[in-house]
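Visitor: As annotated by Swiss-Prot, transmembrane segment applies to B:1-21, B:27-47, B:81-101, B:110-130, B:178-198, B:200-220, B:301-323, B:327-347, B:366-386, B:404-424, B:488-508, B:520-540 (among others).
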Amino acid sequence: MYYRYMIVAILLLLLGVLGIVLNRGHLIIMLMSIELILLAASFLFLINSMITDTLIEQVFTIMVLTVAAAESSIGLAIMVAYYRIKGTIAIKSLNWLRG
Amino acid sequence: MYILVLTVPLLGALVSGLFGRKIGEKGAGIFTSGCLIISLSWSLLIFYETTLNFSTTYIKLWRWLDSDLVTAYFGLQFDSLTAVMLIVVTSISTLVHIFSTAYMDGDPHVPRFMSYLSLFTFFMILLVTSDNYPQLFIGWEGVGLCSYLLINFWLTRIEANKAAIKAMLVNRVGDIGFVLAMLAIWDQFGCLDFASVFNIVALAPSDNTTLICLFLFIGAVGKSAQLGLHTWLPDAMEGPTPVSALIHAATMVTAGVFLLIRSSPLLEQAPMALMVVTIVGSLTAFMAATIGLVQNDLKKVIAYSTCSQLGYMVMACGLSQYSISLFHLMNHAFFKALLFLSAGSVIHALADEQDMRKMGGLIRSIPFTYTMIVIGSLSLMGFPYLTGFYSKDLILELAYDQYYLAFAHWLGVFSALLTAAYSLRLIYLTFISNTNAKKEVFSQAHEGSWNLTLPLILLALGSIFVGYLTKEIIWSFQITLSPIIPTSIKLMPVIFSLFGAGTAVVLYHYSSRIFNAPTSPVGLAGYTFLYSAWQFNYIINHFLVQNVWRLGHLITFRVLDKGVLELIGPKGISQFMIRLTQEISNLQSGLVYNYALMIL
């Protein structure tokens, strides 16, 4: 009975992944996609919490939310610093380090 | 003290070579000559001890090659053969040393020259005194090396360098035969010293003996300049004249004949090999004599005569008359050294002119040298009661006795005729005919100083008396019954020689048409054929050397070096790996979404 919720969560996760891989535009979209992945993961935790009827996943979800908040703030900070130097935040222009 | 005969020339070579700057030109000459005189006196004593008193001496010095499979001692063996060779080598070498002090006077590298000469003598003495094959091989290679050093003594001349390299390489072909013979002997008998091998071979003859003897003969062919590998000998005339005397009279070329004489117990077990030896020897005698007829270089005429006389010696070995071969070797050493040193005297008198066509009329300005060269030539022709007569005519008589190889006899007799002809031609063109020399050179022609003429006098005495004095001694080495042959055959070599000599004089003195002969088509073809030495050089260069050269370029350079090693060898593999890693590292494009894709 929780399958459809799980499918939604997995679709959200895939959407985030595809957002990272296919996105050729701005870094902000990539950051939003990462947020989406984290939210999808939190959603899965919550569904599992409902299935197994334990609290530990909900604790985890809160911690993930905290980590996600910290991560997006640091990400945004890096992006701002990057914008100051380069004048753009396009991912295509991010290829200075080659093998 | 027997070892002294070996060490003293080495001492002379070392002192003169290493401290030549300290002892000076004169000092080097005196020191090395003095060392050689000591060596000569000891070899006379050794001759007295071992040959006249019949006390063969063996000296085992130390263990040299020592393993499970082969044991070779470093040992010396003084028997009659060694004693005769020692006398030949040391006496000729001493006289050549004394001659060189006068002939090389004014050359900036006299100490080096004397050092090489002494080293040459040392290696030759090592060769003749050794009691096993590997030690003999040291001397064998040593004289080859010293001939290389001496032939290009004037190392700034390209011709001298080429001649020296040729001498070394052509000799090396024979040396390979010798090495193979040593391996075969070791495989067959398990030991390499003469005493053991010769005792075993008489007891247990085997099929491989023929093979061993043929390999040994290849070695002798290279060293003694027999048919096929003789091309280095005339070119070796590029060296200074005393070197030619030393190489072609006493030391180097006699080593091949010495090897055959030393290996006589082996050869006796292989009749097939003996036949090959006879055929090659007689052909060489004939071929070299014909070529000698038309050469224009004074020294090359004598060089081809050396080749021819060596053919006689090898032929005598092939007829199983080893002591007669040794006898001829000894006699030949004396009169050939005399001829070469006299030629050196002529060249010295004419300011280094070697072409006979630019000589003539020297009988008035250098009569002494003329006398010497006449004595040498008469001895070479086998004029009765001179040294050459005793051995050369004996060889021909013995060849007649071997009726199954009658053609060797006829080739030999005909070579005797040719020998007389070219000797007289040499004398006539150089001394008797009207002069063609430049005026300033001709008017300056003079005899050399005392140390140039003294060796000539001693060698002339040797050329006259050695054959008579030593014939009984050397004949006694081998119990051979003299063949019973008709008197006409006995007289034939002498008659043929006199006929050849007379013809040469008549042709050159009374007939100017002989100078026109090379202009007719047949005469031109024949003259070219003989003058270019039967085209041996051309054939070898065209069919052998060039093909090997091309093979070296195609196989080793193009296929191996540029092909295998660069495509699939180390270089190819390393290049492939570099390209692969570059492609792998190109995957890291720097674009973040590609990294993300790869992570997932």
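In case you wondered, yes, glycine gets a Cβ from its N, Cα and C as well.
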Visitor: What residues elsewhere in the chain lie close to the transmembrane segment (B:110-130), defined as a C-beta under 8 angstroms and at least 6 residues from its ends?
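Guide: Those are 5-6, 9-10, 12-14, 16-17, 20-21, 23-25, 28-29, 31-32, 35-36, 39, 75-78, 81-82, 85-86, 89-90, 93, 96-97, 100-101, 104, 136, 138-140, 142-143, 145-147, 149-150, 153, 240, 242-243, 246, 250-252, 255, 258, in sequence order.
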Visitor: Can you tell me which parts of the same chain pack against the transmembrane segment (B:1-21), counting only residues 6+ beyond its ends and a CB-CB cutoff under 8 A?
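Guide: Distant Cβ neighbours of the transmembrane segment (B:1-21) are 28, 31-32, 34-36, 38-39, 42-43, 46, 57, 59, 61, 76, 78, 86, 90, 93, 110-112, 114-116, 118-119, 121-122, 125-126, 129.
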Visitor: I'd like to know if the transmembrane segment (B:27-47) touches the transmembrane segment (B:366-386) in this structure, counting it as a touch only when three or more C-beta pairs sit under 8 Å and are separated by 6 or more positions.
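Guide: Contact between the transmembrane segment (B:366-386) and the transmembrane segment (B:27-47): absent.
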Visitor: Please tell me whether the transmembrane segment (B:404-424) and the transmembrane segment (B:301-323) touch - that is, whether there are at least 3 C-beta pairs under 8 Å between them, with each pair 6 or more apart in sequence.
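Guide: Contact criterion met.
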Visitor: Hey, which bits of the same chain come close to the transmembrane segment (B:488-508), Cβ under 8 Å, at least six residues off its ends?
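Guide: Long-range Cβ neighbours of the transmembrane segment (B:488-508): 381-384, 389, 392-393, 396-397, 400, 412-414, 416-425, 428-429, 433, 514.
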Visitor: For the transmembrane segment (B:327-347), what are the same-chain contacts with Cβ under 8 Å, counting residues 6+ beyond its ends?
Guide: 84-85, 87-88, 92, 95-96, 99, 103, 241-242, 244-245, 248-250, 254, 257-258, 261, 298-299, 302, 305-306, 309, 312-313, 316, 353-354, 359, 362, 366, 369, 372-373, 375-377, 379-380, 386-388, 390-392, 394-395, 430, 447-448, 452-453, 455-456, 459-460, 462-463, 466-467, 470-471, 474-475
